[in-house]
Amino acid sequence: MAWRFKASKYKNAAPIVPKAEACVREICVGSYQTYGNNIAASAAFMAFNWEHSGSSVAVLPLDDCGRKSKTMPLLHGHTDTVTDLKFSPFHDGLLATASQDCLVKIWHIPEKGLEQSLSDPEAVFSHKQRRVETVGFHPTADGLMYSTAAGCVALFDIAAQKEIFSNNEHPEVIQSASWREDGTVLATSCKDKCVRIFDPRAAGSPIQMVAESHQSIKDSRVVWLGNQSRILTTGFDAARLRQVIIRDIRNFNTPEKTLELDCSTGILMPLFDPDTNMLFLAGKGDTTINYLEITDKDPYLIEGLRHTGEQTKGACLVPKRALKVMEAEVNRVLQLTSNMVIPIMYQVPRKTYRDFHADLYPETTGYKTELIASEWLNGTNQAVPKMNLDPAKREHGDEPIIIHRGNLSDFVKNLENLKAKGKTQNQHQKPATTSMAKRNDNEHFVMLRKCNNGEERNGNGNAGDCNEKRLHQAKVQPKEECSLNQSELIRKFEAKYKTDSEKDQQAQQLHHHLDDKDSPTEHSTGSSEEASSSAALDTNSPSGSHSPPKPMPRTSRNNSLPESTTPQSGSGGDSECNTPRPRPRTTAAAAYKPRLGPKPFSSNTGDVSFDKVFAVPVAPGSHENISTVGQDNCGDAPAGGSKPDLIVEIEIQKSEPNVAGNGNGNGVQKSLTTSERRKVIYRDIFIYVYICVPSHTPLRIGEILSRQIPGECNGFHANHERVAVPLAGPGGKIAIFELSRPGRLPDGVIPSLVNGSNVMDFQWDPFDAQRLAVACDDGIVKLWRIDEGGLTEPTNEPQGELTAHLDKIYFIRFHPLAADVLLTASYDMTIKLWDLRTMTEKCTLTGHTDQIFDFAWSPCGKLGASVCKDGKIRVYNPRKSETPIREGNGPVGTRGARITWALEGHYIVCTGFDKVSERQISVYNAQKLSAPLNTASLDVSPSILIPFYDEDSSTLFVTGKGDSTIYCYEITDEEPYICPLSHHRCSSLHQGLSFLTKNHCDVASVEFSKAYRLTNTTIEPLSFTVPRIKSELFQDDLFPPTRVTWSATLSAEDWFACNDKSAAKVSLKPEGMDTLSSIQQVPAPVKKPEHTQFGNKSEYETNKQQEIQKSVSARMEYNTKLEQDDMEGVDENEWQE
């Protein structure tokens, strides 16, 4: 048993998660009920489902990073959810997608990635009205693809674009399939709780073996353990515990190892590396990724280090030829979350990473095969040659080996060449020398290249093999073909099989080079599949060296790209900046265009990316390095070591022409345009550098919180003097804590308000910091008065009681403008409005057919909006009608919802759940509620998103009970209407959040919002500030005149009498502070030198010069002020901790 104690080389492989700026961020991923992994990767690209429906696919370079635009190029090819997607192992740009629309499509991804959206695939295969579940490529035969639909297994020849095999013997839906590494047989897992060994080439039934597997019909997965005689399956047992089972096909009916895990509902996706025997188990919806090492003896599964992070939507492994072998990276897992793609590197700790550690990297499966689909179907088996990952044995060192063989037509021609090459080799083996059939030019090129180079590009060949090929070629090659020189062969080959980018950028220079020199060894290059095996030849590089693929420059939100220019010969590698040009629209007609922010920049060298050009320092106190454009070198540094001088243009007045051109003068347009300027300023600042940190000493309350508060209640409410917190235990107690007395609570009985019944909701009066309204489950609303100095002992005597309903109350809401107006919503599905001065009912609103989730008043105080469990949003005018004046479709989920108004009452924001319990935020036009303008999906969580809207900055803060993240969005009046900002991640979970009014923000410290956060044991103040250099000045660009919401605008009597009055607006500028706009940078007057008597001009010349200046000034605008003068940077001392 000594082998048990033998240390594995990969036992200590540790998951290394990069920083947020090194990940692909702000993507849109939903929750999909499929049998696929939702993400796939080749050595060049990654592809994953996009948006909530999942019918589109996003394709990005493998080393891409940074924030992604909603309007970036996509694959739009399916009408329903994409269920599975895979890249070809022999072509990094060939992608297969399967969908619920019963189709399988083949896509060609250009070498530079997607520059525009694609909707026309290279080939389409149909499964005859059956939903396609899985798709993939054969591991050894080039151009052979498989897919499963219901109980059918089908094989397709991509070159011939036809189905070559189909079998329907599986009785239920096939949930997973995996080929053996040698490509001989296929293992499948089925919904009938059985696993099968499937041989499509077998005579009779292709099903060779059947065994009972996991005893649950839930999703199960199967993976073949490399070239071994064992398979591994994941699934659920009869008790719904997650299982991992290993079977040996030599004793198929008896499991070799069964491992019980836990009772989680997430589907385990097994990711296996046959070279290292490393197994990764990623569960859909889980936050952990387990690493296990598989052995051939007991205990068979050895647990390694576990990764814990974001919630998983999908996962895949990156091919070995794309790993960073000089950093001891033995595997890389791409984790797909709801808004990110996280590359998790598994690194083996070593003392030094200067040398290549050959013991960690056995020879792995290569990228070249000479077996094609028709040959495999006829019974030929041929293993894929192995390759060495040692950079010293690779032509381009440790750069990724990328294989790009052109579009499908080029790919088919390449397969035909392989087929013809196989026939030629068969003729070489015949003893009699017969005349050969005429070969095409590419065969001559391949043969000459092998003879001249003496070995293959991947280092697998040797000189001895080449000499043998020379002898064979000398015997069978006709004399007239030998007369062709190598230069002509290369020209013919490029004309046929080179990709478009190679034709455009390399043809002239390479041909000129070949004409000048006659040495055959200098002119030989690989075939099209080998020529790009590491990277394409960089003709723009000064030294002519090869560089790894760099991420494409980020496109702007208006979907513009730089124009491609032809490299100038003799430029010595100097590149010039390309000007952005508009691209034909492939998405919505009116894409979101930020009014402030850097425009995309691009360069011919490919070294300048969006994240590298615009750098912003990391804000202190931020847990995710809040920065949109401040990504620190996601790619490699430029070759020259120095960055080019860049000019950043700021689009600060992009929307003004439309405003000026609109002469209708209606109130809506005027109200929207008046906030244009401050929305521009806040958008730029929030995206880049706003900071949220605890501002003062927290109030420590201990484990006293009640867990029985219903979902319609926010569970926590604060004003500028005190906070109200529900306490655990009977009696409906609510504790009142004074904010002026922070620190730990004293021992003993906590002074509280004893309501006598279970608390359903509570809220402070917005105009009276001493009055608290509490709604109970007996239908009574109790009004409490808190004396100055706070509570000293428990009390059960409220100031007043209001018997509002005969049933339980859902929630209560004070009116935002009128004093003593209270709204109550009850289980009897009615909403009532009360005058608290007279304790009388004034209005009753009807029309709800199910549970009322929330109600929100409009900023003007005239209208109200509600969201209901019946999936409807209703808008009321309470003083005019008891029934809703408008109605529309709301969230479809029944767990709960919240609603609020935005943009001065012209839009409605609603948070809720979709069909699969994924949290989402929807924006509606308040006048048209038929469908949301846009919906943003977040994650799968049971807690309801509670919104808090700041109307001055148009910022929406949302969070839920039990969350640790405060999500921030900007609500705009143009597409996409909801724009994600930098989210704030707290160090612990919170149970509630309550924002204060604007007049309590410390504007001298550039604090634009202030809130209190309730955790399990503390009440913490949060301060949202914007770093500024001139903090001694009042930042009037950040603080426009704000509406007075802390004092009543009108009385209850006036409001019920429809004597409406708009809320006053006041400036937040403290006394004695100068405004930022008053300190304008006026250009200093130019001091004219005193003229001597010899330099005095005549009066005629002076008058003439003034007339010329006036005439020129009248014809042109002259302004010495720069846009940058109005912008504020960040003082260095504000970043210091």
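Our numbering is plain: 1 for the first residue shown, then up by one each step along the chain.
Positions of Cβ are set from backbone N, Cα and C atoms, glycine also.
If you look up TrEMBL, you'll see 423-437 (among others) marked as compositional bias 'Polar residues'.
Per TrEMBL, compositional bias 'Basic and acidic residues' is recorded for 512-521.
The compositional bias 'Low complexity' annotation in TrEMBL covers 527-536.
Annotated compositional bias 'Polar residues' per TrEMBL: 537-546 (among others), in sequence order.
If you look up TrEMBL, you'll see 555-569 (among others) marked as compositional bias 'Polar residues'.
The feature compositional bias 'Acidic residues' is assigned by TrEMBL to 1125-1137.
For the domain 'DUF1899' (4-66), DSSP puts the residue distribution at 5 helix, 23 strand, 35 coil. Positions annotated as domain 'DUF1899' by TrEMBL: 4-66 (among others).
The domain 'DUF1899' annotation in TrEMBL covers 679-743 (among others).
TrEMBL lists 420-442 (among others) with the feature region 'Disordered'.
Residues or ranges marked as region 'Disordered' by TrEMBL: 498-605 (among others).
Under the heading region 'Disordered', TrEMBL lists 1079-1137 (among others).
The annotation repeat 'WD' is assigned in TrEMBL to 75-117 (among others). Counting residues of the repeat 'WD' (75-117) by DSSP class, helix then strand then coil, yields 0 helix, 24 strand, 19 coil.
According to TrEMBL, the feature repeat 'WD' maps to 167-199 (among others). Residues 35, 133-134, 136, 138-141, 146, 148, 150-154, 205-217, 219-224, 226-227, 231, 233, 235, 247, 249, 252, 274, 365, 371, 376, 381, 383 of the same chain sit 6 or more residues outside the repeat 'WD' (167-199) yet have a Cβ under 8 Å from a Cβ within it.
Residues or ranges marked as repeat 'WD' in TrEMBL: 802-844 (among others). Per-residue pLDDT, averaged across the repeat 'WD' (802-844), gives 93.
Positions annotated as repeat 'WD' by TrEMBL: 845-886 (among others).
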Helix, strand and coil totals (DSSP H, G, I; E, B; other) for the repeat 'WD' (167-199): 0 helix, 17 strand, 16 coil
Secondary structure tally of the repeat 'WD' (802-844) (DSSP, helix then strand then coil): 0 helix, 25 strand, 18 coil
